[in-house]
Amino acid sequence: HTPNTFLHQSTFILLRKGGVQAWTYNYSTGPNQNWYEARKWCQKFFTDMVAIQNQEETNFLNDLLPFNQKYYWIGVHRVAGLWTSVNTSQSVPEEAQNWASAEPDTIPRQDCVEIYIKRARDTAKWNNENCNKLKGAVCYTASCKHESCSAHADCVESIGSHICKCHPGFRGLRCEEAITCKPFPHPDQGSLRCSNPYGSNHLNSSCHFLCEVGFRLIGAPQLICQANGLWNHPVPLCQGTATGNHMNCSHPIAAFSYNSTCEFSCDEGYELIGQNQIICDRTGQWTATVPVCTAKKCTPISSPSHGSISCSDPNGSFSFASVCTSTCDEGFLLNGTSSTECTSMGMWTTDIPPCLAKKCPTLNSPAHGAIICSDPHGEFSFGSRCTTTCDEGFILNGTAVTECTAMSNWSTDIPHCLAKKCPTLNSPAHGSIICTPYSRASYLRVTLGILP
């Protein structure tokens, strides 16, 4: 059948240079179709079934569409328990759902959504219905084209138009313009090397800093322009490593001339890399380059078994002033001090503590029974599983298996072993029975006789 097509032209057409872009609505009520047939019809003639996006669109469709006694299917159905839009294949946010009163209900197999167009009560509201019911179809023809937005945006349909939803770090009508970060000055006594995928000081520009010999970098060695228009770190500085108390020079003739001698030292926690003394020779050259002070290293440490470590490293990984904190997995407890620090001597203040499995109370075998346990982390510890069995002639009263949990308690109590019951005996005519308590030598004695 030929589709009925409506385009609301007075308000919801977006005029652009080079033509007109609009989201056209279409509907069919002759004949009514089930939800699956209605969607195939929309996809064959148009783009897809309409999935209501907002109240503006709801009001527009309620004004546009004629009353249909069976109402209209829309592009929302239940997938894995979630109300899902056919346009995005994602769940519809609760705030965007527009249910009629007492809807959605929990009646089985009512997994498709209709909209009450021009209904006296709950008009333009949603109702979940059996997908095989016959109703009208509401379709749309998309406004979004390949060239509508740049590669840095998602094209979002709206009534009579579309919107380019920019990816983080881009702006403009088509999201074609990358965000810029504020330019920074060239570092004194240093250099930088930058890569600029979208232009200098634009999104994802990356600059690496280097300092001249005799200077060290104070701050992050790399800056990246972020989507918020800010660099990810402050601009670093190049600070001299041989100034103040770190360098002591003698000048027998003139400052920094022939026979000048400079000696170098480092702050506590740092060690000298290079020669601790250099001399200006007769050619006017120093006998060696200026040394640098680097933080002393501690032995790298590993996470404990069944645990992890997190470290703060102000001077480099596992270096002077690094602080590492240990934590344990669920079901395990730290046996020792949680934090350790790399000292100025290149030693950790404490060893990394082990993570020990939590203990559960000791279990005893029930009377007339036994327990067998598997203990992956030690006897009666987290993860231990114990199974109770009963002796011959006894039956288990309770759950056979219990497990030691992360809360240091057993998942169930140890069950009891109860003696199996035999049918009740009655005394024979002209006789009596005498029973003894259970033992391996239990017996039954019957006394016979004739009553006077």
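Using the three backbone atoms N, Cα and C, a Cβ is placed for every residue, glycine included.
Copied over from TrEMBL:
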{"type": "DISULFID", "residues": "Cys166-Cys175", "note": "disulfide bond"}
{"type": "DISULFID", "residues": "Cys266-Cys293", "note": "disulfide bond"}
{"type": "DISULFID", "residues": "Cys328-Cys355", "note": "disulfide bond"}
{"type": "DISULFID", "residues": "Cys390-Cys417", "note": "disulfide bond"}
{"type": "DOMAIN", "residues": "20-140", "note": "domain 'C-type lectin'"}
{"type": "DOMAIN", "residues": "140-176", "note": "domain 'EGF-like'"}
{"type": "DOMAIN", "residues": "236-295", "note": "domain 'Sushi'"}
{"type": "DOMAIN", "residues": "296-357", "note": "domain 'Sushi'"}
{"type": "DOMAIN", "residues": "358-419", "note": "domain 'Sushi'"}
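On a Cα basis, Cys355 (disulfide bond) lies 52 Å away from Cys175 (disulfide bond). Sorting the domain 'Sushi' (236-295) by DSSP state (H, G, I as helix; E, B as strand; all else coil) yields 3 helix, 25 strand, 32 coil.
Here the Cα atom of Cys293 (disulfide bond) is found 74 Å from that of Cys417 (disulfide bond).
Note on Cys293 (disulfide bond): other Cβ atoms within 10 Å of its Cβ, all shown chains, come to 19. Ranked by CA distance from Cys266 (disulfide bond), the disulfide-bonded residues Cys166, Cys355, Cys390 have Cys355 at the top as the closest.
Helix, strand and coil counts under DSSP for the domain 'EGF-like' (140-176) come to 0 helix, 16 strand, 21 coil.
Helix, strand and coil counts under DSSP for the domain 'Sushi' (358-419) come to 0 helix, 27 strand, 35 coil.
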